[in-house]
Amino acid sequence: MKKKFLKGLCCAFVISITCLGASSKAYGWDGKKDGTGTHSMIVTQAVKVLENDMSKDEPEIVKQNFKILQDNMHKFQLGSTYPDYDPNAYKLFQDHFWDPDTDHNFSKDNLWYLSYSIKDTAESQVRKFTALARNEWEKGNYEKATWYFGQAMHYFGDLNTPYHAANVTAVDSIGHTKYEGFAEKRKDQYRINTTGIKTNEGFYADALKNSNFDSWSKEYCKGWAKQAKNLYYSHSTMKHTNEDWDYSASHALKNAQMGTAGCIYRFLYDVSKDLLPTENHKINGLMVVIKTANEIAAGTDDYVYFGIERKDGTVQEWTLDNPGNDFEANQEDTYILKIKKPSIKFSDINRMWIRKANFTPVSDDWKVKGIKVIADGSVQYEKQINKWIHGNEKYYIN
């Protein structure tokens, strides 16, 4: 919200320091706006890997969904590079980092960072965009679904980057940018075409054992990110040699391709109905995605809240306020909300609402286009609102 002027000044100061301390971009593996580069190589090869590893005994519906993904390959590639060019992205790419041991990005772990911390991490973004992809896939919007899934795999690729898994930014070390440039120049040397196993064994088979997507995804990401973090300390710092960096990049990119193939395999099962049990798991948080309408003066600087009422009458409400300017016209904002203990099932929620409260005596009216509520690995609720919220108004979304 613009009213947080000091927050904006602080963030601007940090960005200026970053620009002085780094001569190039601060995000992970290289990716071009046209869907080429290291990120694109990772997802392209992952599809080839899965094609070569696919067991002949896979259900026909899985094969059909895989063919749909292959038919939308360019959208997958474009999605895999888009997060580095998203105009609404955090300026320092905080959500492209994730230390698997602290469960934070660098905005919480690095002492030089003076601005407000960002809750989103590379790991949480994998879950968010996979849920959005699954939602569109189930509606038959395969191009949009594949584009969303490409974004999920961008963040999965980032958490396989040694510097990103160790929360070492371009401010912390010039090695960050140099290492990723090193990998980009040699990426074609690091391509793989198979993991050496079939999808009915090894890590592929393990990917289907936990029906709770959020739980599975977090543990799956943690396993790969820990390897990347270890590679940073053992072979990837500025103290290491070119031979060390070659070892590091070859292993990190091999892991990214293998791990992405596993993510795709799990996704194919999740969108192929009735192949995995659909349990109503307990949740300890929600992701809320709100889109502001694309109209003149549709945005707001007033206070905005999201609330739930459980069936037992318990009420919880959160302030929706990300660092920077949220609720701008045509902007999509995501909020990670922690549910008070005890954990609940989504079906335990009776009502949900958004509420606006005036920041000044004069209302700054807000036009909401739509909302998505993500929990338990899926978009649990979605609504096209297309409504002006006036004054101190409370709007029930269900």
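Keep in mind that glycine also has a Cβ here, set from the backbone N, Cα and C atoms.
Summarising the annotation, Swiss-Prot assigns signal peptide to 1-28.
Counting every protein chain shown, 28 other Cβ atoms lie within 10 Å of the Cβ of Trp29 (Zn(2+) 1 binding site). Residues or ranges marked as Zn(2+) 1 binding site by Swiss-Prot: Trp29, His39, Asp158.
Positions annotated as domain 'Zn-dependent PLC' by Swiss-Prot, on the basis of sequence analysis: 29-278.
Following the DSSP three-state reduction, the secondary structure of Asp158 (Zn(2+) 1 binding site) is helix. According to Swiss-Prot, the feature Zn(2+) 3 binding site maps to Asp84, His96, His154, Asp158, an assignment based on sequence analysis.
Per Swiss-Prot, the feature Zn(2+) 2 binding site maps to His164, His176, Glu180. Reduced to three states, the DSSP call for His164 (Zn(2+) 2 binding site) is helix.
Per Swiss-Prot, region 'Linker' is recorded for 275-283. When Cβ-Cβ distances below 8 Å are used as the criterion, the region 'Linker' (275-283) is approached by residues 59, 61-62, 208, 211-212, 214-215, 269, 339, 343-347, 375-376 of the same chain, each at least six residues removed from its ends.
Under the heading domain 'PLAT', Swiss-Prot lists 284-398.
When Cβ atoms from all protein chains are considered, those within 10 Å of Gly299 (Ca(2+) 1 binding site) total 22, not counting its own. Marked as Ca(2+) 1 binding site by Swiss-Prot: Gly299, Asp364.
Annotation comment: Swiss-Prot describes Thr300, Asp301, Asn325, Asp326 as Ca(2+) 3 binding site, evidence class similarity to another entry. Residue environment of Asp326 (Ca(2+) 3 binding site) contains 23 other Cβ atoms, counted within 10 Å of its Cβ in all protein chains.
According to Swiss-Prot, the Ca(2+) 2 binding site annotation covers Asp321, Asn322, Gly324, Asp326, on the basis of similarity to another entry. When secondary structure is read from DSSP and collapsed to three states, Asp321 (Ca(2+) 2 binding site) falls in the coil class.
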Cβ neighbours within the same chain of His154 (Zn(2+) 3 binding site) - under 8 Å, at least six residues apart: Gly31, His39, Gly79, Ser80, Thr81, Tyr82, Pro83, Asp84
Of His39, His164, His176 (the binding-site residues), the residue whose Cβ has the fewest other Cβ atoms within 10 Å: His176
Cα-proximity to Asp364 (Ca(2+) 1 binding site), 10 Å cut-off, over binding-site residues His176, Glu180, Thr300, Asp301: Thr300, Asp301
